[in-house]
Amino acid sequence: MERIMFRAKIHRATVTQADLDYVGSVTIDQDLLDAADILVNERVDIYNITNGNRLSTYALSGPRGSGVIGINGAAAHLVQPGDLVIIAAYGNFSEEEARTLEPRVVLVDAQNRILDLQPA
């Protein structure tokens, strides 16, 4: 049996932009994607700490060192610049893999610079 497990998150990121007219997705600073081991086009869930909204979308790469967290498309109705969010990724793992999984947690400051990397 495979289990769907939490494997990575970017915790308490600040949304820097929202573009209702863009065709879906979330744009994330490539440094943050690398730190969280989230790939371009990978499905991610976004949990809005500010207002409680939740949504699923896919990740796009933003410029390295920019701190960009850009909510694109219809999701811009649910998340606004300045909101705090958690961006989480999940994966399918065998029973054995699931029991030894150590998720990556990327903690960031108000400018979305990496403060710490830790297991969940």
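Heads up, the Cβ atoms here are built off N, Cα and C, so glycines get one too.
Marked as pyruvic acid (Ser) by Swiss-Prot: Ser25. Under the heading active site, schiff-base intermediate with substrate, Swiss-Prot lists Ser25. The substrate binding site feature in Swiss-Prot is assigned to Thr57, Gly73, Ala74, Ala75. What Swiss-Prot lists as active site, proton donor is Tyr58.
Structural mapping of features recorded in Swiss-Prot.
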residue	record	Cβ within 10 Å
Ser25	pyruvic acid (Ser)	19
Thr57	substrate binding site	18
Tyr58	active site, proton donor	15
Gly73	substrate binding site	16
Ala74	substrate binding site	13
Ala75	substrate binding site	21
*If one measures from the C-alpha of the residue listed as 'active site, proton donor' to the C-alpha of the residue listed as 'pyruvic acid (Ser)', what distance in angstrom results, rounded to a whole number?*
5
_Distance [Cα-Cα, Å, rounded] between Ala74 (substrate binding site) and Ser25 (pyruvic acid (Ser))_ = 9
*On the Cα atoms of Thr57, Gly73, Ala74, Ala75, which are listed as binding substrate, what is the maximum pairwise distance in Å?*
10
*Cα-Cα distance linking Ser25 (pyruvic acid (Ser)) and Gly73 (substrate binding site), given in Å to the nearest integer*: 7
_Rounded Cα-Cα span from Ser25 (pyruvic acid (Ser)) to Thr57 (substrate binding site), Å_ = 5
